[in-house]
Amino acid sequence: MALLTDDFDAVVASRRAVRAFLPTPISRKLISEIIDIARLAPSNSNTQPWSIHVLTGEPKQALSALLGIAHNDPSADPLAHLPDDLARKYRERQEKWGELFYGLHQIDKCDDAGRARVSGLNFDFFGAPVGLIFTIDSNLKKYSWLDYGLFLQTLMLTARSRGLSTCPQVSFARFQSLIKDFLHLDDSQEIVCGMSLGYADENATVNSLRMPREMAQGFTHFMGFDR
C-alpha cells in the first residue's frame, strides 16, 4: 500500500484548534467512520483506555446550558491545568498564546469579564454541531493518559482528512461532577476533555489565528549520527 506522504503532511499541517464552526450537521455514519479509524491508535499493553460520548441536538444544547451556568458562577473553582511554578519557557509560551488569542478579541489582559465571556464559548462547543466528551477510568496511571493523547490526535487527524475540524478542550475537565451526572457516570470515570467537531467557519476572524511553534532543532537531540 503506497502512502501519500505529501497528503499526510498536509493533513497534519492544516489541523488547528478551530473556535468557530458552521452549523452544518454531521452524520452519525461519518462520526462512526472517524472513530473506527481512531480506535487503531496504540496503547500500553493494548489496554485502549478511551471512552467517548458523542452529543448533538438537544442533548448537546442541554449540557451546554448547564455548563454555561456553572461557568458564570463566581463561586466555581478555577481549573488548575498547569502548575503555579511553571518553568519559564512554558510560561512564556502560555503568555504569548494569551497575547495573541485575547488580542485578536481586543480583550485587555486585565479584563477578567471579557476573558470569562470568551472562554465561556468553550461550553457551547464554539457553535459546532457535535460535541465529544472523553472519559477514562480514574484508577489508571499517567501512562494511560499518554495512550489517550495518541488516540485524541489520531481522531483529530482522521477528522481533518475528511474535511472536518476540531478543537480539543481541557476546560470541560473543570466540571467533573456536572458532566458525570449528565452522562450518568459514576466516580470510576474521570473527564479527560471535551472536543468540538464540525466544519470550520473560514470567515470567522478567530479562525485566522495561527500559533507559533518552536523549530524541531530546539527540542530534538541526535546521538550517533554523522551529522
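Cβ atoms are placed via backbone N, Cα and C, with glycine included.
Taken from Swiss-Prot, the feature FMN binding site covers R15, R16, A17, V18, R19, R213, and the record attributes it to similarity to another entry. Note on R16 (FMN binding site): other Cβ atoms within 10 Å of its Cβ, all shown chains, come to 16.
Summarising the annotation, Swiss-Prot assigns NAD(+) binding site to S45, Y102, I107. Proximity of S45 (NAD(+) binding site) to non-local residues of its own chain (separation of 6 or more, Cβ distance below 8 Å) is seen for none.
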Distant-in-sequence Cβ neighbours of I107 (NAD(+) binding site), under 8 Å, six or more positions away: G114, R115, V118
Candidates R16, A17, R19, R213 (binding-site residues) - the one closest to Y102 (NAD(+) binding site) by CA: R19
Secondary-structure category, per DSSP, in which Y102 (NAD(+) binding site) falls: helix
Site extent for FMN, whole Å (max Cα pair distance, R15, R16, A17, V18, R19, R213): 19
